Structures are given as C-alpha cells and as structure tokens.
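Per Swiss-Prot, the features are:
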| type | residues | note |
| --- | --- | --- |
| SIGNAL | 1-35 | signal peptide |
| BINDING | Y36, C56, C59, H60 | heme binding site |
| TRANSMEM | 286-306 | transmembrane segment |
Amino acid sequence: MQTRKTFSWIKEQITRSISASLMIYIITRTSISSAYPIFAQQGYENPREATGRIVCANCHLANKPVDIEVPQAVLPDTVFEAVVRIPYDMQLKQVLANGKKGALNVGAVLILPEGFELAPVDRISPEMKERIGNLSFQSYRPTKKNILVIGPVPGQKYSEITFPILSPDPATKKDVHFLKYPIYVGGNRGRGQIYPDGSKSNNTVYNATAAGIVGKIIRKEKGGYEITITDASDGRQVVDIIPPGPELLVSEGESIKFDQPLTSNPNVGGFGQGDAEIVLQDPLRVQGLLFFLASVILAQIFLVLKKKQFEKVQLSEMNF
C-alpha cells in the first residue's frame, strides 16, 4: 500500500514538472517570437517622429536605400499594391546573436494615410496573393490600422515586399476626403546595432572605454573577449567586454587612446526610409473627365466632317 502511494506521488511530481517545463517553454517561445520582430512597438507610440525620422533608425545606424512603388491614384474601396524594395547584396552574411555568420533578414514599416488599411483576405486576388507569398502583416497598434509592420523575414526571399492595401470610401468615412496623400516607408536589412534599452548588440564596433596599455586579452569559452586596459599614469585598470562576433583589432602591449576602436564593425546591413504620394480619386471626377474627353473627340470628328463637307461645296461651286 505504501509502495503504491509512493509511486502515485512520484508520478504526480513528474507530471507537474513536465507541465511546468512545457508552460515555461511556451511562454518563452511566445515572448521571443512576438517581441523580436517589432522592438519599436514596445517603446514608441508612433513610429514616425515629428521631424519625419522613422524610429527604426535609432537601432539600425547605417543608412541604406529603400524604395516604394504605389499607384498614382486609386478609387474608393479598392484594393491596390504597395511594393517596398529593400535592396542589398545577397552574398553578404551578418553576425548572428551567437557570433556566427548567417543570412540577412529584412523588415519594413508602412505608414499609410488615415483610413487606408490592410486589405481583408477575401478582397485579395489570387495573383496578388501569389506575389505576397507567406508574409503575415500586422498593425503597429490595434488603434493604428493605417500603420503596418512586417519582419524579420528572410531577405533572400522577401527583399521585395508586397503590401495589399484597401483604400477608404469617403461616403462611409466622413473624415476621409478626395485628396493627395503622403505615404511613408522604412525598411531595414540585417540586425540592429543598439537594443531599445540603449545597450549595444554584437553587430557593431566596440571602442575603448579608457586610454592606456592593453595588458591582457582573455578569450572567453563561448566567444568574445575580456580586454584589460591599464592606465600608464596611475595603474588603474579597466576591463572592456567584447561579445562574440566582432573581430579584435588590438593586441596585448599595444597603446590605445580613449574611444579607439577595439574591434571591426561587422555590420553589413542598415536602414532606409522613403515616401510616395497617392491620390484618392473621386469616381465622379473620373466620369466627368471621360465625358469631357469624349466631347472633345466628338467635336474633333464633327469639325473634320464639317470641313470635308465645306470642301465638297467649294469644289462643286468651282466646277459649276
């Protein structure tokens, strides 16, 4: 009887341990997967500052190009494409968080005018779905459906990102008007150099925090270095920690200055931003334009016919 109780207790403890481990794994995985792509969402209410600068540039310090292509004009309640291109050399490899080299990822933020939003799945054509691929877009905030974010996604497959956009209808949204609107875009390739809390990633250059002589360089077991810098005047020692990834540029016994680079800059990526304009066109205006063009064409035709008729009359009078 005692043995059965003991076995039951052990079984219960094992079940609890497995359940706890599973819960920790799920929570950790969810936290990482949801937080990793969109650092900006955690610290900024709006991704575009009053100066026009997109906040992604605070972490991705290198300046790189980005391009956006949208139609010149769209009709109300219409699905259209906003194509964002993030060009880079596909042969490049970036430093990963563990210090190893890997392929670059890309990400983008698209800031649309108020009223414009991500198109519903049932409104997207099969051809557009094929161009979109397996991308999953999300709003920057539940209340900001006009700001869309994506990433990180594999750069080799998605250096060109197609956003399916639904234009608003002023007939149902009174705060939307038939006007020309700006669209802003930001796109990055590769990892950032600074985390949202201000700390450095391993994808940037590390500088000396003091001047002096490099006394000792210890290579860590998991990668990276501990560099001891000794001040020549008072013997004070400072230890600079270098994470795995950047290549060391100094050696023991070398004299260095304050803020001198201790490592190379491994960053091969960067961030860029751009803008475009789109006109929300009034269908009545389009119909009016078509009517005007048709009137001009008909007037030209009647003018030609009248001219030919006049020439025939003149010719008959001359023959008479």
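Cβ coordinates come from backbone N, Cα and C, glycine included.
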Listed binding-site residues (C56, C59), ranked by Cβ neighbours within 10 Å, top entry: C56
Beyond the flanks of the transmembrane segment (286-306) by 6 or more, those residues with Cβ under 8 Å of it: 75
Other CB atoms, at most 10 A from the CB of H60 (heme binding site): 25
Where C56 (heme binding site) sits in the secondary structure, as DSSP reduces it to three classes: helix
